Amino acid sequence: MKKRTSFPTRYLIVLLTFVCTCVCYIERVGFSIAYTVAADAAGVDQSTKGIILSTFYYGYACSQVPGGWAAQRIGGRRVLLLSFILWSLTCALVSLDPNRITILVLARLLVGVAQGFIFPSIHTVLAQWVPPHERSRSVSLTTSGMYLGAAAGMLVLPSLVKFQGPQAVFFAEAALGGFWSILWLKYSSDPPRSEHPKATASGFGETLLPLRSAQKMKVEDGGSSTLVTKIPWKKIMLSLPVWAIVVNNFTFHYALYVLMNWLPTYFELGLKLSLQDMGSSKMLPYLNMFIFSNIGGVVADHLITSKIMSVTKTRKFLNTLGFVVASLALMALPRFRTSDGAVFCSSVALGFLALGRAGFAVNHMDVAPRYAGIVMGISNTAGTLAGIVGVGLTGKLLEAAKSINSDLSSPESWTSVFFIPGYLCIFSSVVFLFFSTGERIFD
């Protein structure tokens, strides 16, 4: 007979997925730090460095939808474990030799593919375990691990590289991945009702989901619609609420990856500041994301459970607030000519973008709890492509600005860099306002 525990299993699942995303982003930041040091020491040119650093995202983009499909077919819990083992072993076995370009490209592709399965699997697991009135804060806590991981990586890993060398980062990441895999294997489980004939992908929270009347009748009449395993690909791809999620995911990641990759250049070339002299202040935007992501989740669940707003209105309100404020901060950023002003603007922009995740990023499980992993895979593919497009386009814009202005110290050189994501935020918030819903639209 199993011992009863006072700590609900679903909370443990959410905590483990939070640690999961934290470890994943430590790996991403860690590779950039370790490889850059090793490549600079070996005299690798900037073009080759760009190829190696971007390879991860190509693999990551390719496995998003297959990740959702695999999580749907064999279970998010199993897929999550397998993907973690795969990328951890890759980190442990691959030597960080900047001159062995082919091996590094293949390794980063493999890590990207493996990590591409993670977020669709997490959304499938959370859709099974977490009832609707807890979903906002659960997803917000889980995804906030990304920002805490990025901040922790920026703080700790440079010292590890300095004292132990770049390869030590790979070993540390592999050890973290292996440790998490053991915890997941030991403590994770499928929901108790997963074998019940009327159980669905939304687990214990199924009866709390707002259903359209036709769907509600099917459930009340004891119909077998919840047992259908065929994935409605056409309906998903033609759904306007799904496209509202996809558009907002694209914009979120466009802004995030542009700031992650080019903000240091803005400090050094745009403001003529030394990153070393800035100390820990350069971590503040990511810490702000961690804080605001969790605030958004708690506020959303309070609005829903207290019946202050419907699920639909709550998602639209927080998404709009987050993206509109972020757009204003992004467009104000090139006008700030001090480190404090730039850190403040970027912190506001990233913080309110994270707040907006309580809108679009949780919406997968509102509209399609059974297919949350698949919808997440589709939208996250768009988000990954946004990173590839945004980072590359920004480089071209700055190169063009440099040819006109001779250097990048003028605000005009950076206006288009930050205005593009600013305008995208406004456009995306309008799309979400018009086309999103908090109701379940897929049976």
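Cβ coordinates come from backbone N, Cα and C, glycine included.
As written in TrEMBL, here are the features:
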DOMAIN    13-440  domain 'Major facilitator superfamily (MFS) profile'
TRANSMEM  51-71  transmembrane segment
TRANSMEM  78-96  transmembrane segment
TRANSMEM  102-127  transmembrane segment
TRANSMEM  139-161  transmembrane segment
TRANSMEM  167-185  transmembrane segment
TRANSMEM  240-263  transmembrane segment
TRANSMEM  283-305  transmembrane segment
TRANSMEM  317-335  transmembrane segment
TRANSMEM  341-360  transmembrane segment
TRANSMEM  372-393  transmembrane segment
TRANSMEM  413-435  transmembrane segment
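Contact between the transmembrane segment (102-127) and the transmembrane segment (317-335) is not supported, since fewer than 3 Cβ pairs fall under 8 Å when only residues 6 or more apart in sequence are counted.
Within the chain carrying the transmembrane segment (372-393), a Cβ under 8 angstroms from the stretch's Cβ atoms is held by residues 54, 57-58, 60-61, 64-69, 71-72, 76, 116, 119-121, 123-124, 126-127, 201, 231, 236-237, 242, 245-247, 249-258, 261-262, 364-365, 420-421, all 6 or more beyond its ends.
Proximity of the transmembrane segment (240-263) to the transmembrane segment (413-435) is established through 3 or more Cβ-Cβ distances under 8 Å for residue pairs spaced 6 or more apart. Among residues of the same chain six or more beyond the transmembrane segment (413-435), those with a C-beta under 8 A of the stretch's C-beta atoms are 240-241, 243-244, 247-248, 250-252, 254-255, 258, 262, 266, 270, 315-316, 319-320, 323-324, 326-328, 330-331, 333-334, 353, 359-360, 390, 393-394, 397-398, 401-402, 405, 407.
Outside the transmembrane segment (341-360), and at least 6 residues removed from its termini, the chain residues within Cβ reach (under 8 Å) are 136, 139-140, 143-144, 147, 244-245, 248-249, 252, 255-256, 259, 263, 266-267, 271, 278, 281-282, 284-286, 288-293, 295-297, 299-300, 314-323, 325-326, 329-330, 332-333, 425, 432, 436. Within its own chain, the transmembrane segment (283-305) has Cβ neighbours under 8 Å at 132-141, 143-144, 147-148, 150-151, 154-155, 259, 263, 311, 314-315, 317-318, 322, 343, 346-359, 362, counting only residues six or more beyond its boundaries.
Here the transmembrane segment (167-185) has long-range neighbours at 16, 19-20, 23, 26-27, 30-31, 33-34, 77, 80-81, 84-85, 87-89, 91-92, 94-96, 157, 160-161, meaning same-chain residues at least 6 beyond its ends whose C-beta is under 8 angstroms from one of its own. Over the domain 'Major facilitator superfamily (MFS) profile' (13-440), the average per-residue pLDDT in this prediction is 83. Tertiary proximity for the transmembrane segment (78-96) is limited to same-chain residues at least six positions away from its ends with a CB under 8 Å from its CB atoms, namely 20, 27, 34-35, 38, 67, 70-71, 103-104, 107, 110-111, 114-118, 121-122, 124-125, 166-167, 169-171, 173-174, 176-178, 180-181, 184-185, 188.
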